[in-house]
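According to TrEMBL, the protein has these features:
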| type | residues | note |
| --- | --- | --- |
| COMPBIAS | 1-15 | compositional bias 'Polar residues' |
| REGION | 1-23 | region 'Disordered' |
| TRANSMEM | 49-69 | transmembrane segment |
| TRANSMEM | 81-101 | transmembrane segment |
| TRANSMEM | 108-125 | transmembrane segment |
| TRANSMEM | 148-168 | transmembrane segment |
| TRANSMEM | 175-197 | transmembrane segment |
| TRANSMEM | 227-249 | transmembrane segment |
Amino acid sequence: MATHISSHDTQSTRVGDSDTGLLEKDSVSPLPAHDVVYQHRLSLGDPTLLGLLGFLIPLTVAVFEFLRFQGANASSLASTSGVFFFYGGIAMNLAGIIEFVRANSLPASGYLTYGCFWVCLGWAFDPLQNLAGAYAADGVPGALAKTYNSGGAMFFLAMTLCSFVLWLGTLKTNLALSLAVFCLVPLFALLCAGEYVDIISESVDSADVLCSLHIGYDPTPQGLDHAAYLFEVGAGFGFVTVICGWFMAVVAACEAGRIPCPIVRYLDIPMIMSSMHGRRKSAKKANGADAV
């Protein structure tokens with residue numbers, strides 16, 4: 001019996017030593033080695049690459065549509081709703097569940113949150129659902145209805161707050177991840193502003209200077225252009241997230257294939273802060289020695 005326990009513990013140690021991942025620093029403290037859940041956690045693969053690809057493929061598509069690349073625009077989201085459902089929804093939520101079982105709380109929260117976001121976005125723009133059509137009245141398309149766009153703005157506002165909370169959890173991980181999540185905050189904030197329908201200009205005189213700061217779009221060509229401009233600026237921040245995200249995907253692919261990627265250590269925020277602190281401490285000692 002003693003020999004069996006010793007062999008079992010040694011095997012657990014070997015598996016645990018090889019259990020590394022790009023977001024491993026985000027994980028909470030592991031459960032005791034004898035716990036069944038912990039043993040199950042060790043038997044699962046690292047879902048980092050799957051989760052990143054599940055997030056980046058729909059994000060890249062949406063960002064280029066909001067940037068109006070090659071004639072695309074916000075309405076092009078309807079033609080790519082399947083990407084949001086299957087890549088964003090299935091891949092990210094699967095990665096989130098695996099991270100949850102592996103007791104990695106921050107990656108699990110991020111994957112599941114944004115995975116559900118892509119499902120909601122795909123559902124809202126699915127032509128079969130035709131949600132905007134339910135708001136059509138008096139010859140005005142439902143996509144231009146104030147109630148329809150205000151509801152979408154509330155969702156983007158909630159995602160803005162959610163992204164800020166998740167960004168706080170990345171401050172001690174790596175620079176690429178922290179910058180990627182941070183840029184999601186202005187992205188969702190500007191999408192929220194673009195969805196609101198002329199809130200300020202309805203409550204002030206047309207000659208007031210605040211009219212030039214109205215939020216969102218009204219059902220006029222000028223209002224639509226203003227909303228498209230806000231979407232485009234927000235997509236600019238999203239493009240930064242896309243660049244950082246694909247970089248992390250390359251790193252995760254190299255890690256999964258056991259290919260050395262030395263540049264990663266230069267993006268480690270704790271290491272950068274420690275190095276800066278060490279340089280400042282050395283400079284203070286040098287200045288003190290010169291004064292003596």
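Including glycine, each Cβ sits where the backbone N, Cα and C put it.
Remark: the transmembrane segment (108-125) makes no contact with the transmembrane segment (227-249), by the rule of 3 or more CB pairs under 8 A.
Pairs of Cβ atoms less than 8 Å apart link the transmembrane segment (81-101) most often to 49-69, out of 49-69, 148-168, 175-197, 227-249.
Within the same chain, residues 76-77, 80, 83-84, 87-88, 90-92, 94-96, 99, 107, 110-111, 114-115, 118, 121, 228, 231-232, 234-236, 238-239, 241-242, 245-246, 248-249, 252-253, 256 sit at least 6 positions outside the transmembrane segment (49-69) and bring their C-beta atoms closer than 8 Å to a C-beta of that stretch.
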